Amino acid sequence: MRRALELILFLAMAGGLHLAGLAQLPTPKGADSAGQAGQAVASVQATSQAVIEMVERWERPPKVAPQIDAPKAVQPPDAPMQLPEPVMSETVRRSPAPGLSIPQTDSAPDARVAKAPPPPPKPEPKVQPAKERPTPAQANPKPKPKPAPKAPPRKAAQASGAGGGADAGNAKSSRAATLSKGQIQSLAAQWGAQIRRKIERRKRYPSGARGASGTVTLRIAVSRAGALRGVSIARSSGNSALDKAAMRAVRAARRFPTAPNALTKSSYSFTLAMQFKR
């Protein structure tokens, strides 16, 4: 915008200078001279230094801005060449060689397939009447056997001998001999449970134990009649007060239930674990 204004200004000044120069040219002959008494034809005045500089500036070509080379575009790396899609070439039909005639085969006559005759119907099987089987003769029922007469019950035989009851025996001992070992152990366990219940009812926690707890294992011997034969400590609880309390409970029971009839020994031993808790 500034350059355009300067250019217009320079053009106006140049035009003015040219007009001023034309005005100072001599007039053609025959014309009246100007000046004092007509002697001075024209007065020429030199231009000032400012006007000269202005003309030079105006005639000077404008400065051209240096051209900046645009950066060259970086070419992208060569893209992989795409292989052209294979074009399926049409099969070229070869024309037969000249002079050779292709033999023509006569069309085979239509072979008509003869239909097989339908199979003859199967003969229906003849149903023969079922033969009546002769009913077997009913066997005569066998008579039920008569029950054998029961023998009268025998009284238990008591062995006799000198010495009275010591040498006397009865049939119960022979009946016990027929029991198995497992049955005898089961009867002994039932009897031992009765003995244990009676001792547990007599058990008391000792005051001298001072809140201690423990288990005392006792070994007890009892006769068939239920009398206490002996008691001992098989395993101590570690507290003497608890051990003594267990012994007192056994002795306080005194008499125990009698043994079952099948147990024939004079005495039996039992192991009893007594537990004390506060």
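One is the number of the first residue shown, and numbering goes on along the chain from there.
Using N, Cα and C of the backbone, Cβ positions are placed for all residues, glycine too.
TrEMBL: automatically predicted annotations, no manual curation.
Here is what TrEMBL says about this protein:
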type     : residues : note
SIGNAL   : 1-19     : signal peptide
REGION   : 62-182   : region 'Disordered'
COMPBIAS : 123-134  : compositional bias 'Basic and acidic residues'
COMPBIAS : 172-182  : compositional bias 'Polar residues'
DOMAIN   : 190-278  : domain 'TonB C-terminal'
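Summarised as a single figure, the pLDDT of the domain 'TonB C-terminal' (190-278) averages 90. Note on the domain 'TonB C-terminal' (190-278): DSSP counts are 30 helix, 30 strand, 29 coil.
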